[in-house]
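Accompanying notes for the structure given below.
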Ligand code: SAH
């Protein structure tokens, strides 16, 4: 250590973590400099206070919030109800730039858009917009990297850099909503209707910021973006205490549980956090969530050839899920660098589906949007090159 080393080093690409050892879990990383505070981090009362503390008029907070969430205006020049001389200063207080787009890739004839974002400290994350006939879904990141170390997931292999702030999470959705509103996505102008916390990171390991984001996304304009909680999905590896906390919040978001195996022996290796909370405990927490919110839980299951796709595992899963408020989402494994695993054979996938249906369990096979731009499930690595 050199004596001249600054106390708070300037962080940039140096913040990349060491790749985790197999099975190693990372729940937190050393605290770093915080992202700038943004109106999306704050309740409407806090936004007002942020302005009045600095001698500005409190009602400006609602005006600016309406521009941000309602008109999706990112240029203060468009805030015509705010005196021109004050716009830049107020923007500096309430809407500092949190995300810088450094690369955009499209697939599926322009209806899938993956964006690589640089955060204020040089950390990078990705988000994916997916436009369908009847809805447009934003898949957002909640952490730069991930500490859950699932061996088949590119994000997990890179390790955890840091938690994202509420503002950084919300900004990904607002950016997508803006691109849709401006007709920049193939298919003409439209809106973002759905949000899935299925990008980089384990949302329930960054609980506070994620709940803040859910609140901001669902509160009506000008407090938030005004999306329906029912159109938001929070996906988790199965952090039981956090699922219980979420149950108590009483927000009717859809809970998705990344199960991937019905038996502890296999799940211990595919989802290392299973060594802490077993299949039965995770599912119990999921059923309590379903009972409280009346929301069907989505059970995520990546089909991996000859690893978890055997007919007996389908039966075992079917037996566990029959008569539960659950739906199985099968995901054909997407290829990731350095992984020896591949997607199941079509006939094994079909048999898996048939067995679950025989148990009366609703099941769908997820499409693989954005696979050719590494934008599909488990492929987000936010590599700059
Ligand atoms: N950490 C959360 C959020 C990530 S969601 C979670 O695990 O639920 C991404 C979903 O894609 C999860 O169900 C994850 O297990 C799954 N996934 C990861 N890698 C994948 C891959 N290579 N192919 C298919 N699905 C994958």
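Backbone N, Cα and C atoms are what each Cβ position is placed from, and that goes for glycine too.
Here TrEMBL flags 1-30 as region 'Disordered'.
Positions annotated as active site, proton acceptor by TrEMBL: 126. Under the DSSP three-state reduction, residue 126 (active site, proton acceptor) is assigned to strand. Around residue 126 (active site, proton acceptor), the C-beta neighbours below 8 angstroms that are at least 6 residues distant in the chain are 114, 115, 116, 117, 141, 199, 200, 375, 380, 381, 382.
Residues annotated as domain 'Radical SAM core' in TrEMBL: 132-372.
Cβ environment of residue 150 ([4Fe-4S] cluster binding site): 156, 237, 258, 260, 270, 271, 272, 378 lie under 8 Å away, each six or more residues apart in the same chain. Taken from TrEMBL, the feature [4Fe-4S] cluster binding site covers 146, 150, 153.
Around the Cβ of residue 235 (S-adenosyl-L-methionine binding site), the number of neighbouring Cβ atoms within 10 Å comes to 22. The feature S-adenosyl-L-methionine binding site is assigned by TrEMBL to 201, 202, 235, 258, 259, 260, 334.
Its own atom aside, the Cβ of residue 377 (active site, S-methylcysteine intermediate) has 29 Cβ atoms within 10 angstroms in the protein chains shown. Per TrEMBL, the feature active site, S-methylcysteine intermediate maps to 377.
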Candidates 202, 235, 259, 334, 377 (recorded positions) with Cα within 10 Å of residue 153 ([4Fe-4S] cluster binding site):
334, 377
Among the recorded positions 153, 235, 259, 334, 377, name every one whose Cβ is found under 6 angstroms from ligand 1, counting any of its atoms.
153, 235, 334, 377
What's the number of neighbouring CB atoms sitting within 10 A of the CB on residue 202 (S-adenosyl-L-methionine binding site)?
31
Other than 146, 150, 153, which residues of the same chain sit close to [4Fe-4S] cluster? List them in sequence order, counting a residue when its Cβ is within 8 Å of the Cβ centroid of the site.
148, 149, 152, 154, 155, 156, 157, 202, 237, 378
So if I draw a 10 Å sphere around the Cβ of residue 201 (S-adenosyl-L-methionine binding site), how many other Cβ atoms end up inside it?
29
Where the record says 201, 202, 235, 258, 259, 260, 334 bind S-adenosyl-L-methionine, what is the longest distance in Å from one Cα to another among those residues?
18
Could you state the whole-number distance in Å separating the C-alpha atoms of residue 146 ([4Fe-4S] cluster binding site) and residue 377 (active site, S-methylcysteine intermediate)?
14
